Amino acid sequence: MSTLASGTISEIHGQEMPSESVRALVIQILFPFLLAGFGTVLAGMLLDVVQHWDVFRNVTEIFILVPPLLGLKGNLEMTLASRLSTAVNVGRFNSSSEKWNLITGNLALKQVQATVLGFLAALVASALGWILEEELIVNHVALLCCCSIVTAFTASLLQGIVMVGVIVGSKKVGVNPDNIATPTAASLGDIITLGLLAVISQEPYPYITYLVCVVFLCLTPMWVILSFRHSDSQKLLFSSWEPVITAMMISSLGGLILDRTITDPKLEGVVLYSPVINGVGGNLVSIQASRVATYLHFHCPLGELPDDAKGFYSPCHNFCTTGPNGRSAQVLLTLAIPGHLVFIYTIYLIQGSPDPPTAVFIFFYLAAAFTQVFLLLGIVDVMVHCLWKWGRDPDSFSIPYLTALADLLGTGFLTLCFLLMSLVT
């Protein structure tokens, strides 16, 4: 295996693990992180525009649907990126047949998951809307289901192909895919998914959407067969539903909060900034999850923990250590504040607002964003190690939970931020 950054090579758990300098780590993370952040900025601005479209006003359950659909990039794209990044780092891409069977099986698995999750997300959004409004409109349920399935399927296929290209390309140029794959997936995920949802829901001939939805559902058996091309994706076809469905439910709670903010003038900016704070938090914690999973793959067999993780383990452990996971956690936490400042002023410049963001808004927003990222980076270390100890591959199980928590915490803290601003100003 080629080194992924300058540094020494150590022999750990029978394999070579490249070490990275802090400088190499920052350089590799920074560009994909900013690219992903600008993607969330565009998604937030798009959501701020389409919230005034007739279909979004008439079918308000769409707002409950937005976070779980955007969360599919964490449930599916980032999980795929993490699995394939680990496969590259441990040398499973060295064999051409192994590589393409692994890619085909994982892409097919992802399409099955996207179809099922799109359908379930629409049902959950309809049920929550029914509970809140005490009214269930069958036409709205049908529209939500079809839009959700077509959006999830199409976005998943497009992003999956791009993701494979990024990971294969990173291996060829000697860049660690753990650092760039998940934020690259995130940079495309929000804007593609939200754009597709907006366009499909506005379709003037709904029967076309219904027909396409039926075709995609009929393709499911083919994807199931293709997922059997590799033993890993075959196992995941049966074992991976718990985290992605649970994550979808958690994201739906964030959608419920978002739906409640639409009608409150005090919370007007939540729609614009929620994709940004949720996306940035999810991007940063996904990088850390992927890196910690790769570290465990090198250091110990599944079900056993390395010596430094045995006994009492503090969530703040990584912020105080100089090991590879500690350095990456410190770098990622450090990027949160300047990154959000860049994204706040990018929104201001693109919108052409006459008044710049106020100091009060910046203070509360950055406090919310920093708290979200700090909590997530503390949770990720404990979660990944626990999953590993319980014999569950964190590449497949951790990121869905973490990105869903990023959605819930981000939307919740952002709403609190605007409520506090209304009391101060």
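Each Cβ is built from the backbone N, Cα and C atoms, and glycine gets one as well.
Just so you know, TrEMBL annotations never went through curation; they're auto-generated.
TrEMBL annotations:
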- 25-47: transmembrane segment (TRANSMEM)
- 66-200: domain 'SLC41A/MgtE integral membrane' (DOMAIN)
- 112-132: transmembrane segment (TRANSMEM)
- 141-168: transmembrane segment (TRANSMEM)
- 180-200: transmembrane segment (TRANSMEM)
- 207-226: transmembrane segment (TRANSMEM)
- 238-258: transmembrane segment (TRANSMEM)
- 275-416: domain 'SLC41A/MgtE integral membrane' (DOMAIN)
- 331-350: transmembrane segment (TRANSMEM)
- 362-387: transmembrane segment (TRANSMEM)
- 399-424: transmembrane segment (TRANSMEM)
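Helix, strand and coil residue tallies for the domain 'SLC41A/MgtE integral membrane' (275-416), in that order: 114 helix, 0 strand, 28 coil [DSSP]. Across the candidate stretches 207-226, 238-258, 331-350, 362-387, the maximum count of CB pairs under 8 A to the transmembrane segment (399-424) is reached by 238-258. Non-local neighbours of the transmembrane segment (207-226) in the same chain are 104-105, 107-109, 111-112, 115, 142-143, 145-147, 149-150, 153, 200, 237; each lies 6+ residues outside the stretch with a CB under 8 Å from one of its CB atoms.
Sequence-distant contacts of the transmembrane segment (238-258) (same chain, six or more residues past either end, CB-CB distance under 8 Å): 63-68, 70-71, 74-76, 79, 109, 113, 116-117, 120-121, 124-125, 128, 132, 270-271, 274, 278, 396-398, 400-401, 403-405, 407-408, 410-412, 415. Remark: secondary structure over the domain 'SLC41A/MgtE integral membrane' (66-200) totals 121 helix, 0 strand, 14 coil, with classes taken from DSSP.
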